[in-house]
Each structure stands twice: as C-alpha cells, then as structure tokens.
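Pulled from TrEMBL, these are the features on record:
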{"type": "TRANSMEM", "residues": "13-37", "note": "transmembrane segment"}
{"type": "TRANSMEM", "residues": "83-103", "note": "transmembrane segment"}
{"type": "TRANSMEM", "residues": "115-135", "note": "transmembrane segment"}
{"type": "TRANSMEM", "residues": "156-176", "note": "transmembrane segment"}
{"type": "TRANSMEM", "residues": "188-207", "note": "transmembrane segment"}
{"type": "TRANSMEM", "residues": "238-262", "note": "transmembrane segment"}
{"type": "TRANSMEM", "residues": "274-295", "note": "transmembrane segment"}
{"type": "TRANSMEM", "residues": "307-327", "note": "transmembrane segment"}
Amino acid sequence: MTETVATSAGSDWLRIIIGLVVVLIFAPLNALLLVWLERKVAGHIQLRLGPMEVGPHGLLQTIVDGIKLLGKELITPSRADRILFPLAPVLVFMPVLLAFLVLPFGPQLVIREMNVGLLLIFAFSTFTVLAILTGGWASNNKYALLGAIRSVAQNVAYEIPLLLAAMAVVFMVRSFNLSEIVMAQHRVWFIFLQPVAGLIFFICATAETNRAPFDIPEAESELVAGFHTEYSGMRFGLFFLAEYTNMFIVCAVAATLFFGGWHGPFGFGLRIPGVVWFLLKTYVLLFVLMWFRWTFPRVRFDQLMNFSWKVMIPLSLVNLVVTAAVLKLL
C-alpha cells in the first residue's frame with residue numbers, strides 16, 4: 001500500500017516537471033507568435049505595410065527583434081533597489097507560468113487536475129499584480145511608480161466582477177475543477193446560458209491584461225512606458241513575455257468557462273482532437289483582444305474606475321443573484 005502511494009506521488013511529480021518543461025518551451029514561442037500576429041492585425045486594421053521584408057510575410061522580423069532584445073545591455077538605474085529591481089520581471093513571469101498547471105487543453109491533457117483549479121488561476125493573477133507594483137517601486141521613478149499604482153487599482157477593480165462572472169458558471173456546475181466545467185458543456189456551451197457573464201468576463205479580462213482601451217498603466221502619452229519605464233534588455237522582454245502569456249491564459253480560461261473548452265460546437269467535429277478545438281477558440285479570442293487594441297481609443301482613468309464600480313460590479317452581482325434564483329427554482 002505504501003509503495004503504491006509512493007509510486008503514485010512520484011509519477012505525479014514527474015508529470016508536473018515534464019509539464020513545466022513543455023510550458024517553458026511553449027510560452028516563449030507562443031509569445032513570439034502572438035507578437036507577430038498582433039503586428040499583422042495592426043497592419044491590416046490601420047493599413048500599414050509594417051515589416052514585410054524579413055522572411056515570408058515578415059515572419060522572421062519578430063525573431064530578429066527577440067535576438068536584438070537578448071543582446072541589449074541590462075541597465076540598473078543608480079537609485080533603483082539593487083535586489084527588487086532585477087527580481088520583479090521574474091516575479092511577474094513565474095505566476096503566469098504556474099497557471100498552465102491546471103489548464104485543460106484536452107481530455108486527460110492537463111498537467112495537474114485540481115478541484116480548486118479556477119481559484120488557483122485567480123490567486124496566481126494576484127501575485128502578478130504584486131510583482132508589477134514591486135517593479136514600479138524598485139525603479140525609483142515617478143512614472144514607473146504611478147503606472148504600477150494604476151495597475152494595482154485597475155486589477156483590484158476588475159478582479160471582482162471577473163470572479164463574480166466566473167462564479168455564475170461555478171454555480172451551474174458546482175465545481176471549481178476546470179475539466180468538470182468543460183465536460184458540463186458537451187451539449188450546450190455556457191455562453192448561450194450565461195451571455196451576460198461571458199460578456200462581463202471578457203471585458204474584465206481585457207482590463208486585467210492592461211490591453212486597450214484599458215491600457216492606462218502603460219499610457220505612453222502620460223507615463224513614458226508605465227511600470228517598466230526603467231527596464232531594458234531581457235528584463236524588459238520578460239514583462240512583455242508575461243503580458244502576452246497572460247493574454248493567452250485569460251483567453252484560455254474564457255474558452256474553458258464559456259465556449260466548451262475542447263468540445264466542438266453542438267457536437268460537431270468529433271473526430272478533430274480536443275486540443276485543436278481548445279487552441280482554435282483561444283486564438284480567436286486573442287484576435288478579438290488585438291482587434292480591440294487597434295480599434296478603440298484609450299479611456300480616461302476615472303472613466304475606467306467608474307465603469308467597474310458603477311457598471312460591471314453591480315451587473316455581475318445581479319447576474320449572480322438571478323443565476324442562483326433560477327437554479328434554486330429548477
């Protein structure tokens with residue numbers, strides 16, 4: 001009995017280690033793909049030619065930029081905190097990577113099944129905000145600190161309706177396990193049963209990732225570059241790597257909660273592997289995020305906060321109460 005438990009624990013740790021290695025390879029490559037995709041989306045929306053000469057359709061331009069970033073000098077400002085300043089980019093990136101632990105890419109295709117998987121992702125996102133605040137404070141720069149404070153205020157304001165929207169789905173499934181939430185959608189996706197929650201979740205997820213029109217913490221016209229103003233080289237690159245990986249995570253969670261995860265629409269495409277459906281939905285949502293950035297103007301900070309506290313939070317609370325009442329009657 002003891003040997004069986006020890007073997008099971010050993011296999012679980014081996015699976016987690018292998019999964020993290022795969023994630024460490026996947027995350028940078030996925031970020032490069034998303035940077036290239038965003039350039040193309042921006043170019044087509046704004047009718048710009050963009051970098052088209054380096055490789056087919058500009059495919060190698062992003063790789064060249066990544067190599068250039070690796071070769072740049074790591075500069076530490078004279079008044080910056082010598083310990084926290086270089087540590088902040090790593091602290092931003094690590095929680096984003098750990099969120100991959102509980103994401104179900106397909107049936108039986110998850111690194112670690114957890115009954116509190118959804119809560120774990122929300123907890124990791126909170127650590128990311130603390131790391132951003134650390135970077136802004138450690139830079140000893142007024143623009144960086146102001147950008148970090150804005151980021152914290154924005155994330156606190158939009159984390160509440162984001163969680164309330166997700167709770168509407170949890171009420172229906174009665175589980176925080178992401179795989180169980182996906183399996184509950186094998187007939188009907190929750191976006192058709194919870195359209196208000198789905199809309200709230202996606203709007204708040206856009207704000208959580210600091211994407212336009214909610215990119216107040218990085219407002220170039222006001223704050224130079226926001227909380228990463230003083231960063232250069234690969235430290236600067238880690239912030240962007242974390243941003244694009246975080247975008248992938250929130251879109252993957254949205255696909256899991258509201259768009260059936262690895263299930264095809266209405267039972268269609270049963271022969272297509274579940275991971276293909278999952279990635280397809282995630283990248284479609286990522287395209288919508290990019291579309292938002294290059295279409296809508298940035299809102300003011302007071303408008304941003306008022307929209308959360310006066311619109312999104314009351315609306316998500318009403319939706320949650322209505323969901324609970326309907327489930328009680330059924």
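Glycine is treated like the rest: Cβ placed from N, Cα and C.
What you see is a predicted model, and the numbers here were worked out from it, not measured in a lab.
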Could you check whether the transmembrane segment (83-103) packs against the transmembrane segment (238-262) - three or more CB pairs closer than 8 Å, residues at least 6 apart in sequence? yes
Positions whose Cβ lies under 8 angstroms from the transmembrane segment (188-207), at least six residues beyond its ends: 154-155, 157-159, 161-162, 164-166, 168-169, 172, 214, 250-251, 253-254, 257-260, 263, 265, 285, 288-289, 292, 304, 308, 312, 315-316, 319, 323
Ranked first among 115-135, 156-176, 238-262, 307-327 for CB pairs under 8 angstroms with the transmembrane segment (274-295): 238-262
So if I exclude everything within five residues of the ends of the transmembrane segment (115-135), which remaining residues of that chain have a CB under 8 angstroms from its CBs? That is, six or more out. 84-85, 87-89, 91-92, 94-96, 98-99, 101-103, 144, 148-149, 151-152, 155-156, 159, 162-163, 166, 170, 175-179, 181, 208, 217, 227-228, 231, 239, 242, 246, 249, 253, 257
Six or more residues beyond either end and a Cβ under 8 Å away: which residues meet both conditions relative to the transmembrane segment (238-262)? 27-28, 30-31, 34-35, 89-90, 92-93, 96-97, 99-100, 103-107, 109, 118, 121, 125, 128, 135, 166, 169, 178, 181-182, 185-186, 189-191, 194, 197-198, 201-202, 205, 208-211, 227-228, 231, 274-275, 277-278, 281-283, 285-286, 289
May I ask for the residues of the chain that lie six or more residues beyond the transmembrane segment (307-327) and have a Cβ under 8 Å from a Cβ within it? 157-158, 160-161, 164-165, 167-168, 171-172, 194, 196-197, 200, 203-204, 207, 299
Sequence-distant residues near the transmembrane segment (13-37) by C-beta distance (under 8 Å, 6 or more away from its ends) are 58-59, 61-63, 65-66, 96-97, 100-101, 111-112, 240-241, 244-245, 247-248, 286-287, 290
